[in-house]
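Worksheet for the structure shown next.
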Amino acid sequence: MAVKFVFFFFLALLALNSNASDLCAAGSDGSGDLSVIPIYGKCSPFTAPKSESWVNTVIDMASKDPARIKYLSSLAAQKTVAAPIASGQHALNIGNYVVRVQLGTPGQAMYMVLDTSSDAAWAPCSGCSGCSATTFLAKNSSTFATLDCSKPQCSQARGLSCPTTGSVDCLFNQTYGGDSSFSATLVQDTLHLGSDVIPNFSFGCISSASGSSIPPQGLLGLGRGPLSLISQSTSLYSGLFSYCLPSFKSYYFSGSLKLGPVGQPKSIRTTPLLKNPHRPSLYYVNLTGISVGRVLVPIPPETLAFDPNTGAGTIIDSGTVITRFVDPVYTAVRDEFRKQVGGSFSPLGAFDTCFTTSNEMAAPGITFHLSGLDLKLPMENSLIHSSAGSLACLAMAAAPNNVNSVLNVIANLQQQNHRILFDIANSKLGIARELCN
C-alpha cells in the first residue's frame with residue numbers, strides 16, 4: 001500500500017511539473033489578456049538567491065523602497081515622459097512585476113517591468129554597455145526603424161538631446177529608480193501582447209546603462225503620457241486596463257493583466273482617479289482616512305489631502321513593495337496598531353513593528369478609506385512573517401526621512417490578490433478582492 005502511495009505521489013509531482021512546463025511553453029495569453037508571474041516563479045526567467053527564503057527576499061526588496069520613493073518624488077520636476085506579468089527584481093533594486101511581450105518581426109520574447117508610475121517604454125538593445133545578457137536584436141527585425149528629431153514622438157521624450165535643425169536620430173537620457181540612468185535612441189517596432197499586435201510602437205532602444213535599478217529586459221510604462229503603452233494603444237484598448245498581482249509566495253500560480261474593456265469585472269466599486277499636472281505620470285486617489293480595527297485613526301487632514309501644487313496626496317503604484325505613508329500618518333497608524341496588539345515590538349529590516357506570532361490573534365485589520373470605497377486589507381496584505389515563522393510584522397513603513405516626500409504610496413504587497421482596474425477615460429480606479437492564481 002505504501003509503495004502504491006509513493007508511486008502515485010511521484011506521478012502527481014511529474015504531472016504538476018509537466019503541466020507547469022507546458023503552461024510556460026504554451027502560455028495562456030489571449031487578446032488583451034497576459035499572464036502575471038512572480039519574479040521567481042516557475043515561468044520566470046529570473047533565478048532567486050539560493051540562500052534566501054521568499055520572506056527574506058521581500059525584506060530585501062522593501063529595504064530598497066526609499067530609492068523608489070525618491071524617484072517618484074523627483075517626477076514633480078519633470079515633464080511628461082516620452083518614451084505574461086512576473087514580479088521582478090533579479091538585478092533590480094526595487095520590487096516590480098514583469099510582463100512577457102514580444103518585440104519585432106519575428107517577435108523576440110522579453111520580460112519587461114510593468115510600471116504604473118512611468119510613461120516610458122524601453123528595452124536594452126544589442127551592443128548595449130552595462131546591460132544584461134538578454135537584449136533586443138534590432139537587426140533581426142524586419143519592422144524596426146529609428147525615429148529622427150523631426151518626428152513628433154521625439155518632442156515627447158524626457159531627457160531629449162536634439163539639435164535645433166537637422167534630422168539626426170532622436171537621442172535621450174533618463175534616470176530610473178533613484179540611482180540608475182541610461183542613454184537610448186527613440187525607435188519603432190511591432191509590439192506583440194498575447195495575440196494582439198501593435199505596429200509602429202515607439203520605445204527607447206538603450207545603448208548604455210549604469211546603476212542597479214535598470215530592469216534587465218526593459219520597461220513597459222502604464223502611465224498616462226503620450227508614449228506609454230496605454231496611450232499608444234488607445235484605439236485597441238480604449239484607455240482601460242486592470243491587473244491582479246500574485247503573491248510573492250506564488251511559484252506555480254500567476255496573476256493577469258487585462259487590456260481593454262473585454263473581460264473586465266462587470267460590477268466593481270470605484271474611486272475617482274485624480275490627475276496632478278505637475279506629476280502627470282502618477283495615479284492619485286483620494287485617501288480620506290485609515291482605520292485600525294474599529295478605530296478611525298486621528299490623522300491631520302493636510303497629510304492626506306491632494307494638493308497639485310506641492311504634489312502631496314496618495315498614489316497607487318506597482319513598483320513600490322510595501323505601502324509607505326508620510327511620517328505623521330504612519331506614526332499614527334503604527335501606534336494604534338501597537339496599542340491594540342499589546343506586548344513588546346522589535347524591528348526586522350524595513351519593518352519596525354514586529355511581534356511574536358502568539359499575539360497575532362490580537363492583530364487588528366486595517367482599512368484604507370477612499371472616496372466611494374473602503375479597501376479592507378486581509379491579514380496577508382497587512383502582515384508579513386519572519387522566515388522562522390516566530391515573528392509577524394506590520395507590512396508598512398514611513399516614507400524615508402532623507403527624502404522630502406509628500407507622497408503616500410499604496411504599494412504592491414497591499415494590492416496582491418486584488419483586481420485593480422484603471423479606467424483612464426472616465427477617471428476611475430476600481431478595486432475588488434480576487435485570488436490571482
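Including glycine, each Cβ sits where the backbone N, Cα and C put it.
Note that TrEMBL annotation is computational and uncurated.
Sequence annotations record features per position, and here TrEMBL assigns signal peptide to 1-20.
Feature annotation from TrEMBL assigns domain 'Peptidase A1' to 97-432.
The Cβ neighbour count for ASP115 (active site), using a 10 Å radius over every protein chain in view, is 26. If you look up TrEMBL, you'll see ASP115 (among others) marked as active site.
Neighbour count (other Cβ atoms within 10 Å of the Cβ, all protein chains): 24 for ASP317 (active site). The feature active site is assigned by TrEMBL to ASP317 (among others).
Cα of ASP317 (active site) to Cα of ASP115 (active site): a distance of 8 Å.
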